[in-house]
Amino acid sequence: MKEIIAKLADFKDLSSAEMTDVIERIVTGRVTESQIVAFLLGLKMKGETIEERTALAQVMRGHAKQIPTTIRTAMDNCGTGGDKSFSFNISTTAAFVLAGGGIKMAKHGNRSISSKSGSADVLEALGINLDLDAASLGKVFEQTGIVFLFAKNMHPAMKYIMPARLSLGIPTIMNLTGPLIHPMSLETQLLGTSRPDMLESTAEVLKNMGRKRAVVVSGPDGLDEAGLHGRTQYALLADGQISLHSFLPSDIGMEEISLEVIRGGNAKENAEILLSVLQNQASPYLETTVLNAGLGFYANGKSDSIEEGIALARQVIASGVAYEKLKQLQEYQK
């Protein structure tokens, strides 16, 4: 590890083989916490390359628990988190809309890091069991077309890295990695990041991880979702090619909404917001969910444009199908 840390201190990139070897040693308990701290900090100061991020994701995914399922078209829409926007649980709410629209949603998430309520927190408040075993989770997915995979349980190897992350207390390559190490072989993905400078490189990593189609999105003011309070930027992976795009609310036929009016609260409060959206109660929360679900339909290829995706999201919510998906998950993942 000393040689690797020294190399990072000299701002030199690691090869894929070097990164793979280091991560294998870390996740099998052969590296000290202080060395992991130095390693994560060194990568952050140097800047993480596509090769380093891909190698990390591949090793971590290889150590994840496997979910038995015959479904081969799964999608996820989680973000990196850590944007300090204190918004409600946007992607979690949107996941039920996407599932209601016929997409097989394997929602991967964790407890809160920088907000008051992460996806695991809000779903737990809604009665979802975070601790089912892998076989049971596979059955839930087969029966309902939606499942929540609690990252802490899916990635036992994280226990070797978490103390170092907590002692650092700042975003590292691990924050960028969470959405990339889904236990299932995802076909499509909507991934949010608070770093617009990493849109294209993250899309490259998704391509390396085998995604057929994906959108990596960064909202205004570093929101790790699409937002209605300014310009949203995104990278589209389609047909093996990556392209960069952006839009204002007016470009997609939506009204501008300030960030302040989509603030969330604790898990119980965010659960109430989620329910209100799925019950089609008009609010800034509903509009923000419609936008992100619409982008999700576009990322999946279910719609040919973001505008078409938004229209589909409104239809799915108004029909009650999205709310029905929540009730199904509450019934089967309990």
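Glycine residues also receive a Cβ, built from the backbone N, Cα and C atoms like all the rest.
The anthranilate 1 binding site annotation in Swiss-Prot covers G79, N110. N110 (anthranilate 1 binding site) falls outside any helix or strand according to DSSP and counts as coil. Other Cβ atoms within 10 Å of the Cβ of N110 (anthranilate 1 binding site), summed over all protein chains shown, number 21.
Under the heading 5-phospho-alpha-D-ribose 1-diphosphate binding site, Swiss-Prot lists G79, 82-83, S87, 89-92, 107-115, S119, citing sequence analysis as support. Taking a C-beta cut-off of under 8 Å and a sequence gap of six or more, G79 (anthranilate 1 binding site) has these contacts in its own chain: S91, P179, L191, G192, T193, S194, D224, E225.
In three-state terms derived from DSSP, E225 (Mg(2+) 1 binding site) belongs to neither a helical nor a strand segment and is classed as coil. Taking all protein chains in view, 27 other C-beta atoms sit within 10 angstroms of the C-beta of E225 (Mg(2+) 1 binding site). According to Swiss-Prot, the feature Mg(2+) 1 binding site maps to S91, E225.
Close to R165 (anthranilate 2 binding site) in the fold, though at least 6 residues off in sequence, lie L40, T172, M174, each with a CB less than 8 Å from its CB. According to Swiss-Prot, the anthranilate 2 binding site annotation covers R165, on the basis of sequence analysis.
Feature annotation from Swiss-Prot assigns Mg(2+) 2 binding site to D224, E225.
For the binding-site residues H108, R111, the largest tally of other C-beta atoms within 10 A is found at H108. For the recorded site, S87 (5-phospho-alpha-D-ribose 1-diphosphate binding site), the DSSP three-state label reads strand. Neighbour counts were taken at the CB atom with a 10 A radius for the binding-site residues S87, S91; the maximum falls on S91. Comparing N110 (anthranilate 1 binding site) with S87 (5-phospho-alpha-D-ribose 1-diphosphate binding site), their Cα atoms are 16 Å apart once rounded. Around the Cβ of D224 (Mg(2+) 2 binding site), the number of neighbouring Cβ atoms within 10 Å comes to 26.
The secondary structure of G79 (anthranilate 1 binding site), as reduced to three states from DSSP, is extended strand.
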